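K.L.:
The following feature annotations were taken from Swiss-Prot:
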- H118, H122, H128: Zn(2+) binding site (BINDING)
Amino acid sequence: MFTIDFNDHTDLVNESWYHQIEDLLNFAKEQEQINEDAELSVTFVDKNEIQEINKTYRDKDKVTDVISFALEEDEPEIVGLDMPRVLGDIIICTNVAEEQADSFGHSFERELGFLALHGFLHLLGYDHMNEEDEKVMFSRQDTILNAYGLTRD
């Protein structure tokens with residue numbers, strides 16, 4: 001089972017967005033060959049909240065589009081317990097997603113899907129701190145989005 005806990009701090013999120021993101025992340029989970037039970041949360045926030053989170057936890061006093069908190073980093077694996085794998089939290093700023101969708105000329109739904117997948121890949125350990133890692137992560141993103149059928153059109 002793959003459980004996604006959605007939280008909307010904006011009161012703007014459409015129920016269909018939850019279904020699209022859940023479907024995309026289930027597809028990505030299969031593409032990444034994660035076979036065990038897993039769970040994560042996706043929270044939608046505004047610019048003020050994401051800036052505060054970014055400042056508090058990343059020491060960056062600016063607005064951003066998505067922040068991920070991987071709960072498995074540096075955590076020992078507990079073997080033998082019948083518990084799902086807790087991947088972490090994805091926080092998406094809906095205001096920035098809307099602006100980026102306009103800027104890139106694609107739908108808001110496509111941008112939300114892209115940001116959710118980007119955050120999901122971070123939870124799995126992908127990163128883009130250097131050029132080589134960026135190529136790997138962004139290539140994986142594009143492969144999954146294209147296979148899923150969520151294009152920039």
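Just so it is clear, glycine is given a Cβ too, placed from its N, Cα and C backbone atoms.
I'd like these features described in context: how deep, what's nearby, how far apart.
P.N.:
In the shown protein chains, 16 other C-beta atoms lie within 10 A of the C-beta of H128 (Zn(2+) binding site).
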K.L.:
Who sits close to H118 (Zn(2+) binding site): which same-chain residues at least 6 apart have their Cβ under 8 Å from its Cβ?
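P.N.:
The answer is V66, Q141.
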